[in-house]
């Protein structure tokens, strides 16, 4: 027997340093959080015990402890740099559709006129160095022919950018389309999608994001920036074995990377941390909170150093309002919240219906054509209206702005009182002039256009974010309500609601604030964010004293939208794509038991199991070949069915393959045993193969009478892949995550087969 023990001893030594690929997962499989956590604890214990042996081991343990912070620093630096580059490139390419800077073609319109000495204050947008295409090509700036030429070139540039973007996505990185947040939520919940966070995806998403935002389509860059930051996180975590070899630890890094992504998208570091916690993360320990905070800080600092907006601020939408808000204004703010909730519901229903149609009909076979058609429609309708022609971020910035004495916007065309002698800051409410009325018409048309076109744009095969279009819809509605309230207060200041706070000649209503509240309400209605939304909004605008109106609007929009359906847009897309995502927010209230859900059901073939010491290598290989299960329970014998542990399919395959290569005497009729000591064998039988090392001796079990409510909770909170069902120690069946999701879908009267992944 010494030889047998020796043979298995060699394998044991070999298994002590796990052979390559052990503990890794296949594509489209779920990770086992408990196993990953215990593997990390073992690794940590080993490093701690070794660190006392020598100075070198002690330094290695310090490096290991610091590696997390180093990864965060690198993610922050790269995410901030990419965001700054994207912002600068988008600025330049958006202006390229209208004209070009002669002194330096890489300058955007604004930068071009900054460097000019011949700009007057009234015509600050006009300078000889900046020429529209019509001036450059036919030397005309006014007139019908110039307008038509500019119109035509605007459409051509837009089509060119969109075509290039969709082609790059199709050919090089199909995973670079969409916003990426539904998939990131799924990955963070423990699902494996190989290549989704790869280097190609990172490169193509960054390039195509610039192209699609510049093409003028109704989409934003904020959601995709979270995906870009997570790609950076995945890249840097693959450089450190602590993260590359442990999927659970890698997801902690990705949670922090998501925070850095929002931090640079909105210039809102604290909002980013809260967004990661509230919206995308599944497992968020305290350590990850601090690291997210650090990554978001570094990312914001890097972006601030690049200063892409040239205003020494992190954000484009910085506002300063000079008047406080009044209690009576809460009523219109809450109305905007209701509007936001209704728009969110409408958008989610229509967008999901359209995306489902794209999936199930021939429309899905022509992604390039779809992008070209939508871009053409967008450009043709957008150009005549000045509010839809410019980039959506600039539009939101103008809608948020307060009308100072220096504003040249149409929205600020009020009729001035000639004998007004007041400080410049505090301009009283004035009657609206013709410019404001025409602006209201254009805004109303732009609002309808944005609402309709965004439904068809989100979900095409190009990078597309949803934050900016949603905010634009809300900001347009809000600005219109704000101007309405302001005019009402001016003309009827003797009404009882205005009498207390709106004296004639006072500045009492700020329309820009209504735009800001409307933007928050619509974004909340679509994504169902609350806390992180309010923090992002006041970091974005610097409007700290307006937290209460923002909170009122955010809560109202969530209540109204939740009345029509609990799912936000990201959860709806997760369901549409059939990802195995157990949402923490879902309630399970049905009174079913584990025995109703477990397999095998009555009339099905019995469960495929391994026995502890009576199967040969050939038996095990046949079982693996004939089934496609991810693992097998190990029992004492087929008769007693007393449970011993659980062996993963992938590790069985690798262990047997390695034993055949490295160990003498292992043949097809060698006995496989999972016990400590080898079984009693006849004298001239071949070497047995010991596989106790790959056996999980503490698989999670429940009894057959455990309520499904508890089982769902266990799967959700412990992140299990499967759970075994026993009765007084005897194995009855198995419940996998997919079974749980199918059962929940069935109970909610949905198609259980819509859960299409393992």
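From the backbone N, Cα and C atoms, a Cβ is placed for every residue, glycine too.
Over in TrEMBL, the protein carries these features:
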DOMAIN    598-662  domain 'CBS'
DOMAIN    695-753  domain 'CBS'
TRANSMEM  66-90  transmembrane segment
TRANSMEM  151-173  transmembrane segment
TRANSMEM  193-213  transmembrane segment
TRANSMEM  225-241  transmembrane segment
TRANSMEM  253-277  transmembrane segment
TRANSMEM  330-354  transmembrane segment
TRANSMEM  366-383  transmembrane segment
TRANSMEM  439-459  transmembrane segment
TRANSMEM  466-485  transmembrane segment
TRANSMEM  513-538  transmembrane segment
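The DSSP breakdown of the domain 'CBS' (598-662) into helical (H, G, I), extended (E, B) and coil residues amounts to 24 helix, 17 strand, 24 coil. Averaged over the domain 'CBS' (598-662), the predicted model reaches a pLDDT of 90. As a quick check, the transmembrane segment (330-354) and the transmembrane segment (66-90) miss the bar of 3 or more Cβ pairs under 8 A, pairs 6 or more apart, so the two do not touch.
Residues 179, 218-223, 265-266, 329, 332, 335-336, 339-340, 343-344, 347, 387, 392-393, 395-396, 399-400, 411, 432, 436, 440, 443-444, 446-447, 450-451, 454, 457-458, 509-523, 525-527, 569 of the same chain lie 6 or more positions beyond the ends of the transmembrane segment (466-485) yet place their CB under 8 Å from a CB of it. With a cut-off of 8 Å between Cβ atoms, the residues of this chain six or more beyond the transmembrane segment (225-241) that come close are 67, 70-71, 74-75, 78-79, 82-83, 86, 179-181, 183-184, 187, 197-199, 201-202, 205-206, 209, 249-250, 253-254, 256-258, 260-262, 264-265, 280, 299, 463, 465.
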